[in-house]
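As recorded in TrEMBL, the features of this protein are as follows:
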{"type": "ACT_SITE", "residues": "Glu154", "note": "active site, proton donor/acceptor"}
{"type": "BINDING", "residues": "Cys109", "note": "substrate binding site"}
{"type": "BINDING", "residues": "His127, His129, His211", "note": "Zn(2+) binding site"}
{"type": "COMPBIAS", "residues": "16-26", "note": "compositional bias 'Basic and acidic residues'"}
{"type": "DOMAIN", "residues": "31-238", "note": "domain 'Class II aldolase/adducin N-terminal'"}
{"type": "REGION", "residues": "1-26", "note": "region 'Disordered'"}
Amino acid sequence: MTPPTTGLPAENTTDNNDHLVQSDDPEHPANLIPSLCAKFWTLGWVTGTGGGASIRDGDLVYLAPSGVQKELMKPSDIYVLSLAAQAQSLSRRQRVYLRSPPVYKPSQCTPLFLAAFTKRNAGCCIHTHSHWAVLVTLILEQQGSKEFRINNIEQIKGFGKGFQKSGNLGYHDTLVIPVIENTAHEEDLTEFLEEAMDKYPDTYAVLVRRHGVYVWGDNVHKAKTQCESLDYLFQLAVEMKQLGLPWITDIEPTIPTRKD
């Protein structure tokens, strides 16, 4: 394999390792990312080239580029980097790409995706600009809160109990998602996202005020499921707020009397 590149266009390299994004397997990361982003676009999660997704396959990390219309993305648009090579880089801001597309630029989301892979051993990380996520952060801003908390809602069961813990949350459990403040440049969010991950070791997501949300999971299926569940809960929370309904309630468990 040729030496890694640092994001140079393909025409500036003798071998761009295009084989890394060429596969007939629909489950291959280079095929999955465009497919997922096209679906996310229909949900309004990645409008106007915003948002993105990344998948880790062993040491290799596949990333959606910056500036691409997500519903039109192709496998040939995907960046690929090596976690091992990145760990040896002298600068966190200097990415070591094994494969770069001939157009577009690396996503500023990259270091935030890498945080999910290195700190949580995630297999997939999704970033959306969901307007429900943004509205929730605005409601919390009015309350002076840096946490989204909700309980006694069935969809909470879509989330795992936490990093290296087995099982999922239950109906009566409280889901807690931290909120970090937005920055002018997305890459500058990295240290704040990492701090939130350290402070909330069981979270699978971090909200970014007036911006969106980052969600990760052990694999693509879990990351997608949790992202969908979160968006459902964010919409529900906004509508509950409009109706004057609390997000946190004290409900006694209903216990069946029949044992047969």
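Note that Cβ sites are derived from N, Cα and C of the backbone, with glycine treated the same way.
Heads up, TrEMBL stuff is auto-annotated, nobody curated it.
Averaged across the domain 'Class II aldolase/adducin N-terminal' (31-238), pLDDT for the predicted model comes to 95. Within 10 Å of the C-beta of His129 (Zn(2+) binding site) there are 20 other C-beta atoms, taking all protein chains into account. Among the recorded positions Cys109, His127, Glu154, His211, the residue whose Cβ has the fewest other Cβ atoms within 10 Å is Glu154.
Listed in chain order, the residues near the Zn(2+) site other than His127, His129, His211 are Gly50, Gly51, Thr128, Ser130, Ala133, Val208, Gly212, Val213, Tyr214, each with its Cβ within 8 Å of the site Cβ centroid. The recorded positions recorded for this entry are His127, His129, Glu154, and the Cα of His127 lies nearest to that of the residue listed as 'substrate binding site'. In this structure, the C-alpha atom of His129 (Zn(2+) binding site) lies 24 angstrom from that of the residue listed as 'active site, proton donor/acceptor'.
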